Amino acid sequence: MNDDGFSAEKLFNQGYSYTYDDVIFLPGFIDFPTDAVNLSTKLSRNISLSIPCVASPMDTVTETSMAVGMAALGGIGIVHYNNTISQQASIIRAAKSHQIPFSSDLIFASPSDSIHSADEFGNSPCIFVTESGTKESKFLGVVCKSTWNGLSDKQARISDYMNVSPVTLPSSYNFEDVAGYIASKKLDFVPLVNEKDREVVNLVKATDLERMNSLPKLGLPSLGTDGKFLVGAAIGTRDSDKERLEHLVKAGINALVIDSSQGNSEYQINMIKYVKHTYPHLDVIGGNIVTKYQAENLIKHNVDGLRVGMGSGSICTTQEVCAVGRGQATAVYKVSSIAEQHGVPVIADGGISNSGHIVKALSLGASTVMMGSFLAGSNEAPGTYENKNGLRVKKYRGMGSLEAMTKGSDARYLGDTAKLKIAQGVVGSVADKGTVLKFVPYTMQAVKQGFQDLGASSLQSAHHLLRSGTLRLEVRTGAAQVEGGVHGLVGYEKKYF
Ligand SMILES: NC(=O)C1=CN([C@@H]2O[C@H](COP(=O)(O)OP(=O)(O)OC[C@H]3O[C@@H](n4cnc5c(N)ncnc54)[C@H](O)[C@@H]3O)[C@@H](O)[C@H]2O)C=CC1
Ligand SMILES: O=c1[nH]c(=O)c2[nH+]cn([C@@H]3O[C@H](COP(=O)(O)O)[C@@H](O)[C@H]3O)c2[nH]1
Ligand SMILES: [K+]
C-alpha cells in the first residue's frame, strides 16, 4: 500500500475548502507516450466530445463564432441568453449552419442603401446585399470594396452597381473543398451560401487558407447525428424560459444548461421536470452546485449532466456577497464522487486559468471544464479589441454584474423593478489571446503531458486512479505555491508555446 501523500478521499475530508492552486498531484508511472493520451469525454449522458472543453454561457464569451470554434475543436459552446429569444435562436441556427472551423464577420445592406464610407466594410472585402438588408433574407449580390473604391458617385444606390452574379459555394462544403476551389480559381474570397433558403452563411478569404495552414491540425469535430456542429444553449428558470426553449429546440440545440448560481431550487427542479417531459430527447444539464446533497437532489430528477462551481469564477463575487460557495477543487471532487455512481458527467465550471487547472479538474472527477475568462480574450469571443495601457484587451463581464443584468432583455431582473439589485459579478477585461483554434490545441497538449505524468492515458483511467486511491496528492503551503511558480528572477517573459 502506497503511504506517500494522501488519497483524494482522505485529503478532501478534513474540513478545508481547497482550490486548484491549493493541491498538487504526486507523479505516477509513465508507460505510454504523450500522444497516446485520449482526452475524449462526455458533456452529459448522451453527448460525446473529443476534447473536454466547454465555452461558458456568458454574453462576452459564447455566440456564433465561439460555438463554431469550440465544436470544430471537438468541444462545445453553450450560447448565452442575455438577449431576445430570436437573437439567441438565430445565433444557434447560424452556428449549426457552418461546416468550416471559423465564422467570418458578415456585413449586410439592402439594394436601396448607399455606402457612404469605406469604414462600412470593416475588415471585410465585400458587403452582402440581401432583400431586406439583414442576414436572414434572400441573397441578391455583393459589393466588393475595390468596386466601391472605384465609384465616381459614392452616393449611388447599391442596386446600380452591385455584382448580381458573384461566385459562391454551397455552405455544405468543408474547408478543404472551399480552400481547393479558392486556390484553383485564384479568388480573393468566396461567400458560402445556404442553397435551400439562399442565405449567406460565411465568407472564406484567400488569406484564411494561409492562416489555417499555420494552425495546429484539428482533431475530430463535435458533430450531431445530422452531421452539423453540436451547439448548446442556456436558459433560466422563469416561466418565460419555456417559450425561449421552444425556439431553441426548433433552432436545433443539442444540449440545454439550466443556468443558476444555486441550482438546488424548486424553480430549477420544476424546469428540469418540464424539459424532461416536453423534450425527452434533449440532454439537460443542471446547476450550479457544489455539494453532494445538491447533486443528489438534481440527479433524483434525472439531469443528464451537472455544472459545478459557486463563486470560483474569475469575475464572481458570490462568495463575498452571499458567503456561500466552495473551493473549486473540493466542490469538483465531492460532486463527482456522487455523480459518477449514477453515470452523470460533471462540468467543472469556473476558476480555470491554466492547463494545470484543467488537469486538476479532470483528475478530481470532472468530465469537462467550462471556461469564461480563459476564452474571453480570443478572436471568437463577442466584442472588439480595445487598447488599454498599451495592451490589446477585450471586455469580459460576469452575468451577475450590474452591467449585464441591466442589459438583460429577459424578465429576470428588469421584470422585478421593485426589487433592489445586488451584483454578484464584476466587469473587467482580458488580454488578446488570438484564435481558440491555436491556443486550445496547445492547451490540450499540455493537459496530455499532465496526464502522462500522472500515469493516466485517458479520463477514464484518471478517474480510476482517483477512486482507487492510487492518485496521491497533497496540499501546498503558501511557500510551496510560491516555489511552484516562477520565482527569484529580476524579470521574465512567460510564453507557453
Ligand atoms: N457560478 C457562480 O458562482 C455564479 C454564477 N452567476 C451567474 O450569473 C447569472 C445570474 O445568476 P442567478 O442570480 O443565480 O440567476 P437566477 O435567475 O437563477 O436567480 C435570480 C433570482 O431569481 C430567483 N428566481 C429564479 N427563478 C425564479 C422563478 N421561476 N420564480 C421566482 N423567482 C425565481 C432566484 O431565486 C434568484 O433570487 C447566471 O448566468 C449565473 O450563472 C451568478 C452568481 C454566481
Ligand atoms: O459569481 C458570479 N457572478 C457572475 O456575475 C458570474 N457570471 C458568470 N459566472 C460564473 O463564472 C464562470 C466563469 O468563470 P471563469 O471566468 O473563471 O472561467 C461562469 O461559467 C459562471 O458559472 C459568475 N459568477
Ligand atoms: K471569485
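Note that Cβ sites are derived from N, Cα and C of the backbone, with glycine treated the same way.
Taken verbatim from TrEMBL:
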{"type": "ACT_SITE", "residues": "Cys316", "note": "active site, thioimidate intermediate"}
{"type": "ACT_SITE", "residues": "Arg412", "note": "active site, proton acceptor"}
{"type": "BINDING", "residues": "Asp259, Ser260, Ser261, Gly309, Met310, Gly311", "note": "NAD(+) binding site"}
{"type": "BINDING", "residues": "Gly311, Gly313, Cys316", "note": "K(+) binding site"}
{"type": "BINDING", "residues": "Ser314, Asp349, Gly350, Gly351, Gly372, Ser373, Tyr396, Arg397, Gly398, Met399, Gly400, Gln424", "note": "IMP binding site"}
{"type": "DOMAIN", "residues": "18-487", "note": "domain 'IMP dehydrogenase/GMP reductase'"}
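When the alpha carbons of Ser260 (NAD(+) binding site) and Tyr396 (IMP binding site) are compared, the span between them is 19 angstrom. Candidate binding-site residues: Gly309, Gly311, Gly350, Gly398, Gly400. Fewest other C-beta atoms within 10 angstroms, Gly400. Cα-Cα distance from Tyr396 (IMP binding site) to Gly311 (NAD(+) binding site): 16 Å (rounded to the nearest whole number).
Of Ser261, Met310, Gly311, Gly313, all annotated as binding-site residues, the residue with the shortest Cα distance to Gly398 (IMP binding site) is Gly313. Taken residue by residue with DSSP, Tyr396 (IMP binding site) is part of a strand.
Taking CA atoms as the reference points, Gly400 (IMP binding site) and the residue listed as 'active site, thioimidate intermediate' are 8 Å apart. For Asp259 (NAD(+) binding site), the number of other Cβ atoms no farther than 10 Å from its own Cβ, over all displayed protein chains, is 26. In this structure, Cys316 (active site, thioimidate intermediate) is part of a beta strand by DSSP. Neighbour density for Ser314 (IMP binding site): within 10 A of its CB lie 19 other CB atoms from the protein chains shown. Among the recorded positions listed (Ser314, Cys316, Gly400), Cys316, Gly400 have a CB atom closer than 6 Å to some atom of ligand 1, in sequence order.
Taking Cα separation as the measure, Gly350 (IMP binding site) is nearest to Gly313 of the recorded positions Ser261, Gly309, Met310, Gly313, Cys316. Annotated K(+) site Gly311, Gly313, Cys316; additional same-chain residues within 8 Å of its Cβ mean position, judged by their own Cβ, are Gly309, Met310, Ser312, Ser314, Ile315, Thr317, Thr318, Gln319, Gly325, Gly350, Gly351, Gly398, Gln424, Gly425.
If you compare Cα positions, Gly313 (K(+) binding site) sits closest to Gly372 out of the binding-site residues Asp259, Ser261, Gly372. Close contacts with ligand 3, defined as a Cβ under 6 Å from any of its atoms, occur at Cys316 among the recorded positions Ser260, Cys316, Gly350, Gly372. Close contacts with ligand 2, defined as a Cβ under 6 Å from any of its atoms, occur at none of the binding-site residues Asp259, Ser260, Met310, Tyr396. A straight line from the CA of the residue listed as 'active site, thioimidate intermediate' to the CA of Ser261 (NAD(+) binding site) spans 10 Å.
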